[in-house]
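S.K.: In case it's useful when we look at the structure, here is the feature table from TrEMBL:
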TRANSMEM  A:6-25  transmembrane segment
TRANSMEM  A:32-54  transmembrane segment
TRANSMEM  A:74-100  transmembrane segment
TRANSMEM  A:112-131  transmembrane segment
DOMAIN    A:132-425  domain 'NADH:quinone oxidoreductase/Mrp antiporter transmembrane'
TRANSMEM  A:137-155  transmembrane segment
TRANSMEM  A:167-189  transmembrane segment
TRANSMEM  A:209-232  transmembrane segment
TRANSMEM  A:244-262  transmembrane segment
TRANSMEM  A:282-301  transmembrane segment
TRANSMEM  A:379-402  transmembrane segment
TRANSMEM  A:414-434  transmembrane segment
TRANSMEM  A:455-475  transmembrane segment
């Protein structure tokens with residue numbers, strides 16, 4: 001039987017159906033094995049779809065054979081395939097590595113519940129990426145958000161509870177704004193299917209509700225995506241979550257929200273609203289630039305290694321938004337490529353930190369002094385991923401930064417300001433990564449240094465991701481092909 | 001062995017040496033030192049083995065990969081890079097001999113880390129020398145900065161770390177803040193950044209932009225230490241002397257002026273720059289650096305800091321020679337890299353020998369030391385004479401070419417600067433030499449003899465090279481003549 005036409009549906013069904021199944025796997029280790037199998041299978045599905053759509057193709061699936069606009073349509077293009085690769089890749093890598101870290105942080109009895117929530121989060125995030133329907137996106141967004149609240153609060157750190165409460169409130173506001181926007185568009189067009197909306201919005205005579213909807217949707221999704229200054233929920237949520245959850249969510253959660261933001265805007269609004277492109281740029285570009293500068297500056301003086309990297313995530317989200325705000329093919333390519341490369345770098349960094357956390361209970365920088373001497377492999381992987389985050393040539397991060405700067409240089413009078421800000425923020429990234437390097441390598445060790453390396457399972461995956469950072473820095477063809485196909489697709493929907 | 005494979009070997013040998021040093025360091029110190037020496041010898045053998053092909057006019061190439069269209073990591077060997085690589089690899093052998101004597105004589109800690117980072121720095125240096133485009137150059141340039149940081153911070157106390165941060169901060173900030181935008185700009189307008197004979201920017205950029213781009217390059221390449229981007233060099237003097245000798249008199253600083261020269265010759269193109277008035281400021285900046293650094297050197301009391309300021313001045317000789325934009329001056333720039341390397345490494349070796357034998361670091365302590373350490377001070381004298389440019393030393397040869405180029409271009413400023421700085425060099429070096437030989441030692445000092453034999457052997461060898469280069473510089477001139485082929489006279 002050829003499963004290829006069913007891949008978009010399987011992408012969601014596999015993790016979603018596995019979620020209740022792992023609940024039944026009480027014996028020690030089996031729940032982890034089940035969740036890992038489901039995550040890896042999801043990744044295989046995503047990779048398969050990416051290979052099919054990399055040439056600009058598209059996969060359609062009508063649930064139950066009911067065609068859109070009445071049935072539920074799933075659709076996977078280059079952009080969604082790229083996001084699916086990030087989501088499932090992060091989930092699979094984190095899951096394979098997770099066991100030693102999860103065993104330390106979550107008691108055995110609650111582990112099946114935890115893995116179940118993990119798979120639900122994965123199913124929700126994947127569902128957002130395959131949906132071609134505005135309301136389904138909302139449903140999957142709620143599934144993934146509720147599951148990630150559970151994941152973040154599931155660790156031993158009680159400080160996660162207020163953090164997750166803040167996340168819950170802000171996430172709910174974001175989702176509600178999105179829903180209000182979708183409702184307004186539905187009111188004016190009578191459809192929830194994105195492609196259909198695009199076709200019908202042309203005939204709408206009273207444009208004001210659509211403008212209001214665009215505002216609600218943009219702000220709601222910007223909240224979910226932690227676009228500066230709507231990022232305040234992010235640092236604490238990432239800092240106090242169980243370490244493996246941070247790996248998973250930091251690599252992909254905000255990127256999925258950015259994906260919806262960009263996709264909704266380009267598919268539905270860009271082609272149909274007068275001057276919308278200008279408003280889109282004028283609104284997002286300053287926020288992106290401020291985010292890049294302010295978050296990087298905060299990261300430079302942050303004392304806790306996880307919060308430092310969480311602040312850096314806010315800055316990196318700024319890069320992605322900045323690329324999108326150019327509304328050029330080059331800019332969108334850079335944005336999409338940076339989604340992929342940042343997921344690689346940040347995922348690798350948080351994996352290495354999960355390794356450090358196996359021996360260091362306190363993750364403030366002061367307490368990690370000299371850790372490279374007892375954990376040389378973990379520290380080296382952390383440095384490689386850190387270089388990728390800075391954008392050192394030869395690593396994945398360089399590719400997207402180069403593309404971003406190249407795209408910025410075409411922005412006419414603004415070009416020099418944009419290039420200067422990107423360069424300055426790279427210097428800031430260098431400063432905060434160097435602080436970590438200096439702490440790990442050159443400061444005298446704390447009184448109780450780690451007894452040895454991180455667990456092998458975790459270390460191997462960390463190194464796999466670190467090497468992937470180098471591999472995609474030297475051979476970026478595949479993600480770039482996806483990114484540029486995605487950009488072309490998006491640009492076809494502009495005026 | 002084909003020359004293309006030789007590039008890969010030349011890059012890998014120091015890397016493998018670094019790995020070998022790490023492994024051998026766990027077994028025994030003697031084995032570790034043997035690995036260093038073997039690695040240095042192997043590198044010199046590989047690099048020098050490429051010379052015949054270069055003399056025959058070959059330009060070996062090796063492409064690692066193309067990241068994006070027009071943007072790749074690639075290596076090409078051309079005369080200027082060949083000269084730099086041959087110089088660095090040859091002196092690494094002598095410096096390794098010296099290091100062993102120095103590090104053991106001073107009972108330094110963390111010696112395995114020291115030798116490992118040294119090997120890594122050499123790998124980055126070879127990468128800079130053979131870089132085939134701007135991106136590769138930038139990558140290796142940053143690797144060199146990072147790999148030398150642990151060497152500068154070697155001592156590990158507060159003051160040392162502070163100096164090392166200044167070193168790292170200035171070099172990284174200038175390279176990322178200025179050099180990287182310059183490189184991006186070049187790629188953006190020219191579509192690629194390959195080093196091409198005759199330059200690649202002509203027709204893509206004009207007017208004041210040329211001067212601005214040149215400024216981004218010159219100040220972005222902080223390792224060239226053109227004022228005001230020079231503070232890192234005196235800061236780097238906290239490193240053990242072998243580091244100051246090979247890296248901060250040869251590899252790192254030469255990587256800076258080498259990169260500036262290479263950008264002028266292969267990216268802008270000498271004739272294009274000569275025809276563009278907005279690039280004229282560079283001669284003034286270099287001349288100012290020469291005079292100002294020499295004046296600051298006059299006031300130094302610490303021997304290594306004096307040598308550091310002298311290096312800053314001498315580096316700007318190369319920049320100024322390159323900026324005169326005439327064939328003879330370009331040859332002079334290349335020759336001065338070699339001549340200054342021989343002389344300055346000798347001076348640093350001598351400074352380290354004095355520290356090892358007598359623990360003396362200040363100029364005032366050096367009276368009468370020539371009688372206790374005759375070999376060391378003889379070498380020091382030769383090095384000092386070469387800095388001034390007195391025949392028969394290496395410094396005379398390069399000054400001759402730079403002056404000839406300056407006359408060719410009718411550049412009175414350059415001519416005046418060379419004459420004035422020669423006088424200044426004499427003023428701050430000759431009193432040291434005179435006091436060392438002819439004054440009586442201050443009473444109350446502890447008696448001491450020469451430094452360890454390995455140290456003395458090394459510094460005598462480089463002193464002989466300084467003298468020998470005066471007589472046997474033919475091959476270097478012949479090689480660098482290829483550099484200026486097709487250039488307007």
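For all residues, glycine too, the Cβ spot is worked out from N, Cα and C.
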S.K.: How about long-range neighbours of the transmembrane segment (A:282-301): same chain, 6 or more residues beyond its ends, C-beta under 8 Å?
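M.R.: Result: 218, 222, 227-229, 231, 308-309, 311-315, 317-319, 321-322, 324-325, 418, 421-422, 424-425, 428-429, 431-432, 435.
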S.K.: Looking at A:137-155, A:167-189, A:244-262, which one has the highest count of Cβ pairs under 8 angstroms to the transmembrane segment (A:74-100)?
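M.R.: Between the candidates A:137-155, A:167-189, A:244-262, the best contact partner of the transmembrane segment (A:74-100) is A:244-262.
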S.K.: Any chance you could find the range in A:209-232, A:244-262, A:414-434 with the most Cβ pairs under 8 Å to the transmembrane segment (A:112-131)?
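M.R.: Per the Cβ under 8 Å count, A:244-262.
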S.K.: Does the transmembrane segment (A:137-155) reach the transmembrane segment (A:379-402), going by 3 or more CB pairs under 8 Å (6 or more apart in sequence)?
M.R.: no
S.K.: Is the transmembrane segment (A:6-25) packed against any residues at least 6 beyond its ends, judged by a Cβ distance under 8 Å, and which are they?
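M.R.: For the transmembrane segment (A:6-25), the nonlocal Cβ contacts are 31, 33-35, 37-39, 41-42, 45-46, 48-49, 52, 59-61, 63, 74-76, 84, 88, 91, 112-113, 115-117, 119-120, 122-123, 126-127, 129-130, 140.
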S.K.: If we skip the immediate neighbours and take only residues 6+ beyond the ends of the transmembrane segment (A:244-262), which ones have a Cβ under 8 Å from one of its Cβ atoms?
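M.R.: For the transmembrane segment (A:244-262), the list is 79-80, 83, 86-87, 89-91, 93-95, 97-98, 101-102, 105, 118, 121, 125, 128-129, 137, 141, 144, 148, 151-152, 154-155, 174, 217-218, 221-222, 224-226, 234, 237-238, 306, 309-310, 313, 317, 320-321, 324, 332, 335, 339, 342-344, 346-347, 350-351, 353-354, 490.
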S.K.: Flag the pair the transmembrane segment (A:379-402) / the transmembrane segment (A:209-232) as in contact if three or more Cβ pairs fall under 8 Å (sequence separation 6 or more).
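M.R.: Not in contact, no.
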S.K.: Are there residues at least 6 beyond the ends of the transmembrane segment (A:209-232) whose Cβ is under 8 Å from a Cβ of it, and what are they?
M.R.: 141, 145, 166, 170-171, 173-185, 187-188, 201, 254-255, 257-258, 260-261, 264-265, 269, 272-273, 276, 280, 283-284, 287-288, 290-291, 294-295, 313-314, 317-318, 321
S.K.: What residues elsewhere in the chain lie close to the transmembrane segment (A:414-434), defined as a C-beta under 8 angstroms and at least 6 residues from its ends?
M.R.: 289, 292-293, 296-297, 299-300, 302, 308, 312, 315, 319, 322, 386-387, 389-391, 401, 404-405, 408
